[in-house]
Amino acid sequence: MAKFFRAAIMGPPGSGKGTISKRIAQSFGLQYLSSGHYLRESIAANTEAGLLVKSYVERGMLVPDHVMTRLMLPRLEQLSGHSWLLDGFPRTLSQARALNNLCQLDLVISLNIPYETLRERLSDRWIHPASGRVYNMGFNPPRVKGKDDVTGEPLIQHDDDKPEALMARLRHYKDVAKPVIDLYKSQGILHSFSGTETDRIWPYINSLLNTKMHTQPSDACQSQTP
Ligand SMILES: Nc1nc2c(ncn2[C@@H]2O[C@H](COP(=O)(O)OP(=O)(O)O)[C@@H](O)[C@H]2O)c(=O)[nH]1
Ligand SMILES: Nc1ncnc2c1ncn2[C@@H]1O[C@H](COP(=O)(O)OP(=O)(O)O)[C@@H](O)[C@H]1O
């Protein structure tokens, strides 16, 4: 039977989950699923569900667990025959349990980044909304200020990266992530990385994945739907 590898990346807003996930997906060929991306897609669709999601995201609050699991789990079921990397899900213990019922993760990466670093990065984060491409005016600036490298379209800042929402998001992250991190620690699959620079953390993550992906792949996830 073919073997697959399933990983998740956790960390507060601005810790570099998206940046590192992109490198992992490129280097190791995993399918990349970002909860933030799917939420923004749902907001942009302007449906009733999207408006509900927007009301939470705008206030820097977590979207309710049942909304998140309904958004993410069907996508994972469709990928049961693939290796994948989850960014931003699960964020709560309830989400982690729902995921566990579908699929056992092989590896969880947790990023510990000092608060001041997060604040500086997010105040400088600019996004191309249509593609989700992320820039930072110091770390990876666009070629032309304020414009996306590929399309030339204008870049924007997320409302939830603005200082009012940011403080609430960081405070909330710590409380909610602790039991999830403890769960994965108890399963022996948690790997934590600390630092202020993605480029210094990346070689360690790269070498961890090189080892794990070649020694610990698992069978396909079980679909829960009949
Ligand atoms: N200055 C600096 N910025 C970084 C570094 N790593 C990521 N960033 C930027 O910090 C912001 C947050 O990173 P992102 O990957 O979006 O974090 P996420 O919220 O955890 O997904 C983005 O603008 C990145 O381009 C780094 O090592 N140094
Ligand atoms: N798993 C999740 N559970 C609840 N809310 C979520 C989840 N993932 C994302 N969100 C919501 O979407 C917002 C943006 O998430 P994301 O793009 O992952 O950014 P960041 O890592 O910078 O917080 C979060 O602040 C939160 O409101």
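Glycine is treated like the rest: Cβ placed from N, Cα and C.
No curator has checked TrEMBL annotations; they are predicted automatically.
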Figure out which of R143, R169 sits with S35, R40, M61, L62, V63, G88, F89, P90, R91, Q95 in the AMP site per TrEMBL.
-> R169
Return the residue out of T198, T211, T215 that TrEMBL annotates for the same GTP site as G14, S15, G16, K17, G18, T19, R125, V134, Y135.
-> T198
Filter the binding-site residues G16, S35, M61, V63 down to those with CB closer than 6 A to an atom of ligand 1; keep them in sequence order.
-> G16
Which binding-site residues from the set G16, G18, R91, R125 come near ligand 2, judged by a Cβ under 6 Å from any of its atoms?
-> R91
Across all chains shown, how many C-beta atoms besides its own are within 10 angstroms of the C-beta of R91 (AMP binding site)?
-> 20
For F89 (AMP binding site), what is the tally of other C-beta atoms lying within 10 angstroms of its C-beta?
-> 26
